[in-house]
Structure formats: C-alpha cells, structure tokens
Amino acid sequence: MHSLSSSSSASSLNLKEATNWWWDVNESPVWQDRIFHILAFLYAVVSVIAVIQLVRIQLRVPEYGWTTQKVFHFLNFVVNGVRALVFVFRRDAQNMQPEILQHILLDIPSLAFFTTYALLVLFWAEIYYQARAVSTDGLRPSFFTINALVYVVQIALWLVLWWKPVHVTVIISKMFFACVSLFAALGFLLYGGRLFLMLQRFPVESKGRRKKLQEVGYVTSICFTCFLIRCIMMCFNAFDDAADLDVLDHPILNFIYYLLVEILPSSLVLFILRKLPPKRGITQYHQIQ
C-alpha cells in the first residue's frame, strides 16, 4: 500500500515538473525569441530552396513563360519568405496598433499558402479531366472565383473586426480559416485520389509511371494531412484560449503547429517535386514535376 502511494506521488511530481517546464518556456521572453527565430530560420530555408528551384527551372526551359510549376515555386518563395519576416519581427508585430493590423499580418500568409496549394489541386484536376477527354475550360475560372471569394470574405471579416473588435468576430474569422483548410484537404483527397487511381489503372508498366504514382500518392497524403491538422487546430484555436496561436506566450504551440502544417509539408512537397522538366518536348504533365 505504501509502495502504491509512493508511486502515485512520484507520477504526480513528474507531471507537475513537465507542466512547469512547459509554462516556464512559454513565459520566458528569451525562449519565446529563440523559438520564433528558429521558425523564421526554417521558413527562410524553405523560401531559399523554392527560389533556387525556380531559377533552375527558368535556366532549364527559358523559352516557356510562367508555367504552373514556376508559379507554384514562386508562391512558395513568397509565402515562406513573408512568414520568416513575420517571425523575425514577431514581438513588434504582436504590439502593432490598431489590433486589426496584427490579424492581417498573421492571416495573409495563411491565405497565400491556401492559394499556393490550391494551384496544385487545379493542376491535378486539369490532368485528370484531360485524360478522360472532359473539357477543362471551367476549371481555371473556378479556381480564380474560389480564391477571390475566400479573400473577399476574409477582408470583410477584417473590416468588421476593425469596426467592432468583439470576440465573436475573431471566432468567426478563425472558423472561416478552418473551413477553408477543410475545403483544401477535401480538394486534395478528391483530385489527388482520382489521379492516383487513374495512374494505378494505367496499362503500361514503366519506371516513369511508378515514380509519378508515388509522387501523386505522397503529395496527396502530405497535403491532405497538413490541411486537416490546420482545420482541427484552428477549431481549437477559436474556442480555447490555451490553444491561441496569435499570442507571444504560446511559442511551443506555435512551433509545433507551423512545423506540422507549413514548414514540413512545404519541404517534403518541394523535395518530391524537385525534378526539372525536360529541355525539349515538354508536355503539360511535366510542368509541375
């Protein structure tokens, strides 16, 4: 009986120490700056990788304009570069007035991240429908319409928050981001999954087919998971103050969140799609390898 009591006391002590460590790091300005600077460095690395890949593609096929592949890498460069700057100056950003500027500065990269990867969904949808001899004329207008709608709704929420900064508006804004993330996740599942199954049924067995099958499968899994995690986290973020990602004293949560939903997925996708297009005879299917 005494042994059981001692074991329980030891477990409680360990749990308390772990909790204290978590809060000590969160409330330490030194650790806050260290973690945010680490995030800034990681974002900067991804941004540099994206622009290097963009330059390599341009040097490889200078005769082609802004292909889907080039736009995708350029947007990755911009999104990750802006995130790096935001985290370098996170303390200044957190103290900006009026408060609406803080929301705009933190939300714009998330919107751009959505657009970047929605572009990949668009490309896969075009490939899928072309392979099935279905017209793709409506896909690009739909892509621009959806993105415009997302930006217009978000701008409207910013204006409402600026006009009347009540907590319910903040919750609505975060839930809107959660819905957008869920929409993106379903888009990857729908068109990435369809393209994967189509390639799987393709009759010719070759090394190139297997490689493309793996690329589509990996990228679909990574992007679906990252947007689903973002959706779930934004729901917690909206209703639980302990899960708030927009404050300085949650650096560990910020590190885990941004590592899982942006840095790691972007790094893996850029690595998987690193292959350069062929110099001659480029086809649409090779535009985003």
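Heads up, the Cβ atoms here are built off N, Cα and C, so glycines get one too.
A TrEMBL annotation is a machine prediction, not a hand-curated record.
If you look up TrEMBL, you'll see 18-289 marked as domain 'THH1/TOM1/TOM3'.
Sequence-distant contacts of the transmembrane segment (35-59) (same chain, six or more residues past either end, CB-CB distance under 8 Å): 25, 67, 69-70, 73-74, 76-81, 83-88, 90-91, 251-252, 254-255, 258-259, 262-263, 266-267, 270, 274, 276-277. According to TrEMBL, the feature transmembrane segment maps to 35-59 (among others).
Residues or ranges marked as transmembrane segment by TrEMBL: 71-90 (among others).
Beyond the ends of the transmembrane segment (110-129), by six or more residues, the same chain brings 68, 71-72, 75-76, 78-79, 82, 135-136, 139-140, 143, 146-147, 150-151, 154, 177, 180-181, 184, 187-188, 191-192, 194-195, 198, 216, 219, 223, 227, 262, 269, 284-285, 287-288 to within a C-beta distance below 8 angstroms of the stretch. The transmembrane segment feature in TrEMBL is assigned to 110-129 (among others).
According to TrEMBL, the transmembrane segment annotation covers 141-163 (among others).
According to TrEMBL, the feature transmembrane segment maps to 175-197 (among others).
Residues or ranges marked as transmembrane segment in TrEMBL: 218-239 (among others).
The transmembrane segment annotation in TrEMBL covers 255-273 (among others).
If you take every residue in the domain 'THH1/TOM1/TOM3' (18-289) and average the pLDDT, you get 85.
Against the transmembrane segment (175-197), the recorded stretches 71-90, 141-163, 218-239, 255-273 differ in Cβ pairs under 8 Å, and the greatest number is found for 218-239.
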